[in-house]
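Novice: I have a structure I would like to understand better, so I am pasting it below and will then ask my questions one at a time.
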Amino acid sequence: MLYKSCVRPSKVVMANFVTVLLLIEVFAYGFRFGADGLNMNYYLMSCPFIEPVVKNTVNRALMEDPTLAAGLIRMHFHDCFIQGCDGSVLIDSTKDNTAEKDSPGNLSLRGFEVIDAIKEQLEIQCPGVVSCADILAMAARDAVFFAGGPVYDIPKGRKDGRRSKIEDTINLPFPTFNASELIRSFGQRGFSAQEMVALSGAHTLGVASCGSFKNRLSQVDPTLDTEFAKTLGRTCSSGDNAKQPFDATSNDFDNVYFNALLRRNGVLTSDQTLYTSPRTRNFVNAYAFNQAMFFFDFQQAMVKMGLLDVKDNYNGEVRQNCRKIN
């Protein structure tokens, strides 16, 4: 199959190993999924080819541009943290409303065209059936696997929200947050400190712009390795929009990110604080030395995140166009 040929064999073995463990957890979660109106087989009868449509479209996009994997995962996170997983981050601004995607914290989001392409195909096959919120959650899942991370399934049946306002994005975690602030921010959404660290591991993919970490360079930062500080300084010499990879394998889903934290090579304050703080250091150590453990905890946390404040038929809809409310 095309998508498997794009992934390193060793990483496929690791992904398949932890998948068996996840399936056990999926069954354990089953009753809660039902309570939320979500179901692993939600589209089995109404849109039976949804899985290959999403997977093949994501894989084609990532073959052309592997950096979009980080974009899709980050977009899913930014969607779920604001008003729940309801596709609100996909909505365009209008003359009467500035939407979430135009918030300073969301201006660097990428991958909207991938979601549009999936939606266009599904509207032809099964019009008015598949929500944009589900498409985004599934695309993020498939991006993780494409990049060499764990394979996992998610329940479907989310409905799309009807609200997207820039002021709501104030609740997104800031790159300058310390561990206590991160624990509080994630805790307000029901996540433990360990789950927060596991989700932060998504920074195994992607880059950060200089504007998000240059504050660490204005004075001596004892949590920042001296030589790495010089690397960040060289990056920022090209301006605030210059990009710095989070780790040395920024297109591969692995645990290199956590090993970088051990060397004080975290790019953002919110990265390095995970190792600096005694409240989270043990989790970083564990994931740095045990990639299988990181993969397992990450996929569990992603499934849990995908359940945040999901909309149903009473307070949501299935958008015809992911960029605008019906």
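Cβ from N, Cα, C; glycine included.
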Novice: Disulfide-wise, see what TrEMBL says CYS236 is paired with, picking from CYS210, CYS322.
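Specialist: Recorded partner, per TrEMBL: CYS210.
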Novice: Which of CYS47, CYS80 is the other half of the disulfide bond that TrEMBL records for CYS85?
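Specialist: Between CYS85 and one of CYS47, CYS80, TrEMBL records a disulfide, namely with CYS80.
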Novice: Expressed to the nearest Å, what is the distance separating CYS126 (disulfide bond) and CYS132 (disulfide bond) at their Cα atoms?
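Specialist: Between the alpha carbons of CYS126 (disulfide bond) and CYS132 (disulfide bond) there are 13 Å.
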Novice: For CYS85 (disulfide bond), identify the closest of the recorded positions GLU100, CYS132, PRO173, THR204, ASP254, judging by Cα separation.
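Specialist: Of all the candidates listed, CYS132 is nearest in space.
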Novice: Which residue, of the recorded positions HIS78, HIS203, has its CB surrounded by the fewest other CB atoms within 10 A?
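Specialist: Candidates: the recorded positions HIS78, HIS203. Fewest Cβ atoms within 10 Å: HIS78.
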Novice: Let's check the environment of ASP247 (Ca(2+) 2 binding site): how many other CB atoms sit within 10 Å of its CB?
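Specialist: Around the Cβ of ASP247 (Ca(2+) 2 binding site), 22 other Cβ atoms lie within 10 Å.
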Novice: For the C-alpha pair, I'd like the distance in angstrom between GLY84 (Ca(2+) 1 binding site) and ASP254 (Ca(2+) 2 binding site), rounded off.
Specialist: 27
Novice: Within 10 Å of each Cβ, count the other Cβ atoms, then let me know which of the binding-site residues GLY84, PRO173 comes out lowest.
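Specialist: PRO173, out of the binding-site residues GLY84, PRO173, has the fewest neighbouring Cβ atoms within 10 Å.
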